[in-house]
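J.: For reference, the structure I am asking about is given below.
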Amino acid sequence: MIELKHVTFGYNKKQMVLQDINITIPDGENVGILGESGCGKSTLASLVLGLFKPVKGEIYLSDNAVLTIFQHPLTSFNPDWTIETSLKEALYYYRGLTDNTAQDQLLLQHLSTFELNAQLLTKLPSEVSGGQLQRFNVMRSLLAQPRVLICDEITSNLDVIAEQNVINILKAQTITNLNHFIVISHDLSVLQRLVNRIIVLKDGMIVDDFAIEELFNVDRHPYTKELVQTFSY
């Protein structure tokens, strides 16, 4: 379970980025954080990860095995390491897996799942496409077997086919390894396919919180309706 109680945060004392955030996410629930750029979505993720401490309020996690997948994969990889080295580091550091044969078998299984060519393993991050690197980014996080995964705009560099492939993989992971994941996105179609609950942020405050089946409910907050209408166009 993840719980935020009256969380307020700002990068300086004069302006708060998040104000009085109250969220409870039980195990098994996948949540989408929806809102425009600058509303505080990524800051919220950083707080859950423990990268920052709230100015006020408390954050409780029942499981410390939390990882994130960021929007820009190039900054997440060591530029001097091959893709294979970066992936195997996750297996060693998070799972204590040192046997090369076992590591290779896991990599081959995941390459097939993510529809990626094994020849790409010898490449540096700068030598593969943005979409391929983002899929490797997701793969590396899943190889580490986190219990909670925070996904920050992870489909922004993917084409339609690769996007659906990643969505299917993440949904399958909730059945096997993940307790839940949090998806931060401005893309409503991604959230509709991935999560069962949406929290809407505006100007650092929660303005709406509902089950995905209630997205088009007449009782939705006016800002939520505005986002839905904008996406429809």
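Any Cβ shown, glycine's included, is placed from N, Cα and C.
Copying in the features that Swiss-Prot gives for the protein in this structure:
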type: BINDING; residues: G35, E36, S37, G38, C39, G40, K41, S42; note: ATP binding site
type: DOMAIN; residues: 2-228; note: domain 'ABC transporter'
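What does the local environment look like for each feature on the list?
T.: Around the Cβ of K41 (ATP binding site), the same chain contributes I33, L34, G35, D152, I184, L201, each under 8 angstroms and 6 or more positions distant in sequence.
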J.: Count the other Cβ atoms sitting within 10 Å of the Cβ of S42 (ATP binding site), across every protein chain shown.
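T.: Counting Cβ neighbours of S42 (ATP binding site) within 10 Å gives 19.
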J.: Show which residues of the chain containing S37 (ATP binding site), separated from it by at least 6 in sequence, have their CB under 8 Å from its CB.
T.: H186
J.: I need the neighbours of the ATP site defined by G35, E36, S37, G38, C39, G40, K41, S42. Which other residues of that chain put their C-beta within 8 angstroms of the C-beta centroid, in sequence order?
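T.: So the extra residues in range turn out to be H186, L201.
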J.: What three-state class does DSSP give S42 (ATP binding site)?
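T.: The residue in question, S42 (ATP binding site), is helix (DSSP, three-state).
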